[in-house]
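According to Swiss-Prot, the protein has these features:
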CARBOHYD  Asn81  N-linked glycosylation site
CARBOHYD  Asn138  N-linked glycosylation site
CARBOHYD  Asn156  N-linked glycosylation site
REPEAT    182-204  repeat 'LRR 5'
CARBOHYD  Asn193  N-linked glycosylation site
CARBOHYD  Asn276  N-linked glycosylation site
CARBOHYD  Asn289  N-linked glycosylation site
REPEAT    326-349  repeat 'LRR 10'
CARBOHYD  Asn386  N-linked glycosylation site
CARBOHYD  Asn389  N-linked glycosylation site
CARBOHYD  Asn417  N-linked glycosylation site
CARBOHYD  Asn461  N-linked glycosylation site
CARBOHYD  Asn469  N-linked glycosylation site
CARBOHYD  Asn498  N-linked glycosylation site
TOPO_DOM  636-1020  topological domain 'Cytoplasmic'
DOMAIN    672-949  domain 'Protein kinase'
MOD_RES   Tyr745  phosphotyrosine
MOD_RES   Thr832  phosphothreonine
MOD_RES   Thr837  phosphothreonine
MOD_RES   Tyr845  phosphotyrosine
Amino acid sequence: MSLNRQLLFTYYFIVSLILFSDFVSSATLPKEEVDALQSVATALKKSNWNFSVDPCDETLSEGGWRNPNAAKGFEDAVTCNCSSVICHVTNIVLKAQDLQGSLPTDLSGLPFLQELDLTRNYLNGSIPPEWGASSLLNISLLGNRISGSIPKELGNLTTLSGLVLEYNQLSGKIPPELGNLPNLKRLLLSSNNLSGEIPSTFAKLTTLTDLRISDNQFTGAIPDFIQNWKGLEKLVIQASGLVGPIPSAIGLLGTLTDLRITDLSGPESPFPPLRNMTSMKYLILRNCNLTGDLPAYLGQNRKLKNLDLSFNKLSGPIPATYSGLSDVDFIYFTSNMLNGQVPSWMVDQGDTIDITYNNFSKDKTEECQQKSVNTFSSTSPLVANNSSNVSCLSKYTCPKTFYGLHINCGGNEITSNETKYDADTWDTPGYYDSKNGWVSSNTGNFLDDDRTNNGKSKWSNSSELKITNSSIDFRLYTQARLSAISLTYQALCLGKGNYTVNLHFAEIMFNEKNMYSNLGRRYFDIYVQGKREVKDFNIVDEAKGVGKAVVKKFPVMVTNGKLEIRLQWAGKGTQAIPVRGVYGPLISAVSVDPDFIPPKEPGTGTGGGSSVGTVVGSVIASTVFLVLLIGGILWWRGCLRPKSQMEKDFKNLDFQISSFSLRQIKVATDNFDPANKIGEGGFGPVHKGIMTDGTVIAVKQLSAKSKQGNREFLNEIAMISALQHPHLVKLYGCCVEGDQLLLVYEYLENNSLARALFGPQETQIPLNWPMRQKICVGIARGLAYLHEESRLKIVHRDIKATNVLLDKELNPKISDFGLAKLDEEENTHISTRVAGTYGYMAPEYAMRGHLTDKADVYSFGVVALEIVHGKSNTSSRSKADTFYLLDWVHVLREQNTLLEVVDPRLGTDYNKQEALMMIQIGMLCTSPAPGDRPSMSTVVSMLEGHSTVNVEKLLEASVNNEKDEESVRAMKRHYATIGEEEITNTTTTDGPFTSSSTSTANANDLYPVKLDSAYWNTRT
């Protein structure tokens, strides 16, 4: 009987398990959360989430919801918390996926979401203020393109534990409201454009364990209230903009294990009191103006792994207690005023110690040695007993006198243009002797280094090179030497005279594609002969792109045989893109050439036989005859005939596009057959052509009478060749032969937006509302790229409907960069030559030549209103009645009837909310005061519905802003005194790449001071 009971019990137990299993497996994700995930996917442009399966089913290995076998750094996971009947999404982690959307605005549909990690993607836009109403515990947006300010609403996230916003494009001040986060532990804000002082409310952040604010533009001093952060474990303040001294209150933070403060300006100060920091592992106080002796107590810290006190003014001997640091991984005392003997324990330590540029007495090392303590330039000149200030080189013997220096940094020996470049392949920091009259010293180790390939102090990568100039030897740029702190090359045996130092650079660690790996920013300083020649040098900016070569030249005089070149990292730039450990100086090659004719080396004279005079005379005569003969032949063939200035200018430029011959273009266009003419642009005629491979092209030809000249032509080539974006017209190449100046573009089937909207009836394209919305957003995205996202900061200057082209899918592409203006160094410019199209130009630009990207924003606003209305900003109903769209829109707003602007051809088939938003955005963009106009990234966010900015409120403020009224009146007087021919006006045609908007309008019409009913009623 007992056996039967036991069997019965077992049976019920198994059945219960089965029923329970079925019960648990029936747990589902609420529809509201599924819908919210779909919204998140749409915003992020996350396309591989499979909504046909359960996102919370952890047994699924496919479907895009999780990828347990992903490579290091890549994460793709949605995590749920499931009870017996229901599941809730708690974590969304999407790392290193190059997502190219924007941040999801509304997270209210995911009420249980605790973590949102979008590290290392290509997301743009701003941080939605709506996130402040969520229950998030951790937010990470590290390594994206997020711009705008940090919303104060995040201060409402009382549950927030981690906020990681490093390596973005955030600007403005830190909102004081963040000081109200009672549970905040990690706050990472490094490598943005944040400004202002650290908010005093941060004194309340007593739960902080990790704070990083490096590479920003903060002002003020490091606050004393840091003593309140009693649980702080990591503090990183490198090149933050804050000034010293380091407050003594920092000594109260006994839990610190990682302290990195570098590049502080301000007065000299003594070493901060750190005696109580017995748990310290990483102590970096570089370039902080510290004075006095090294504190002896540091030698008693047995947990220390990295000690960097470089570039200060510390003096005195190295304390005897520092012998206890023999197990420390790295010690850097570079560039101080330390003196006395170099301790024997340091000599025996090897290349993990760097004491270069100090005042030590001569040490036990008679000669410099690789893989030994780096004593390069570590002895006072008074002790070295020679003219050198390099102690371990005091016995260096020059093999001969050199009249040049050529180094293939990080690479093998090569011969380029008959010049031998020495190898530079050593892979460990420290000292290196080439045995060819030059040495080098590399200081620093890359902290938090995640690199897994190549060497730690050199890099090889030819896949990213974009060198098309045949005069540049690409082999010099396929590798590079790296340094974490400071890299020095020193020639020791140069002959006396004047030289030109050529430093060769190419950024080969970033990626040019629209991926997070191209978001890195590298900055370092360049010193020649001890003088800082360049501060905050950025290879990508100088070379106009990734993988492109640039050479910096510096004249020097050598008097004692020695030439020193030093590259130094000053704490700026990103440190974790594409991975952690990518920062600091990078150089491809060094070439130093004499500005004089060097003397011949011994043994190069003549031997017996003919006299020197006879030999020289024969050689000269033969050479002259040969030159004349060859020259005559080449002249007869036309090879030596003078080239046009344009050809000469073009030959000296390195554009990343193809070069077409005039013969190819003539074949493609049937010798510019008038039947193939499709328009008349600002440059001249535009012809359709078909290449031999079947590619359809549009050829823009610069006409002799064009108002746009050589400068604009070369400018357009330079701009477009460096830019790639879905909403910019693609430039295939160009042709420069004699006076023939041609641009070869992709052919866009649907011509211009102006032709589609308000061209001749037979050319118009019926554009429904979704098409118009798509076109408007596309234009905004293209401009946002030009202004904020491209390596170059570009102001187009001539945005209008005829400069927006439409492909076969009606995707908009911005064209005609002939008027584009680089904006590299300053945020504003006073243009000496106003160029644009009347009716689209912003008032401040039309009147004063005051050019910023806000001029493009104004022009975009006009185009946006034209898209809604379907008519040009200025069009005539009759000879006596000229219609001005901007005037009418403002009057309709005053009458609260803005939707009357909508194109009657749409009828009622349009989204009223979207239309109203587009009209308001257009009005906001055309605000008279530039400061009232939004950035284009903000415009994109508003158009896509990702921003909660109250457009109506902003518009109200801008309309009531009278600060620019006098300037507008002045502008009207200005236009009253000049002829209409002085404004850039060209006729409208039906071809692409055209300019338009010829108008008889005057300044009073286009830029009225008060846009209200009274003005409208008094117009004539």
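Yeah, the Cβs are placed from backbone N, Cα and C, and that goes for glycine too.
In terms of C-alpha distance, the listed recorded positions Asn461, Asn469, Asn498, Thr837, Tyr845 place Asn461 closest to Asn81 (N-linked glycosylation site). Around Asn417 (N-linked glycosylation site), the same-chain residues six or more apart in sequence whose CB sits under 8 Å from its CB are Asp473, listed in sequence order.
The Cβ of Asn81 (N-linked glycosylation site) has 13 other Cβ atoms within 10 Å, all protein chains considered.
In this structure, the glycosylation sites Asn461, Asn498 were compared by how many other Cβ atoms lie within 10 Å of their Cβ, and the smallest count belongs to Asn498. For the domain 'Protein kinase' (672-949), the model's pLDDT averages out at 81.
Per-site Cβ counts within 10 Å over the recorded positions Asn138, Asn193, Asn469, Thr837 peak at Thr837. When the Cα of Asn193 (N-linked glycosylation site) is compared against those of the recorded positions Asn276, Asn461, Asn469, Thr837, the shortest separation belongs to Asn461. Annotation note: Tyr845 (phosphotyrosine) sits in a helical segment as assigned by DSSP. Under DSSP, residues within the repeat 'LRR 10' (326-349) fall into helix, strand and coil as 4 helix, 7 strand, 13 coil. Counting residue by residue with DSSP, the repeat 'LRR 5' (182-204) contains 5 helix, 7 strand, 11 coil. Within the same chain, the residues at least 6 positions away from Asn276 (N-linked glycosylation site) whose Cβ sits under 8 Å from its Cβ are Gly251, Leu252, Gly254, listed in sequence order.
Of the recorded residues, Asn156 (N-linked glycosylation site) and Asn138 (N-linked glycosylation site) place their C-alpha atoms 14 Å from one another. Note on proximity: of the glycosylation sites Asn138, Asn289, Asn469, the one nearest Thr837 (phosphothreonine) is Asn469, by Cα distance. Asn289 (N-linked glycosylation site) falls outside any helix or strand according to DSSP and counts as coil. Its own atom aside, the Cβ of Tyr845 (phosphotyrosine) has 24 Cβ atoms within 10 angstroms in the protein chains shown.
Following the DSSP three-state reduction, the secondary structure of Asn138 (N-linked glycosylation site) is strand.
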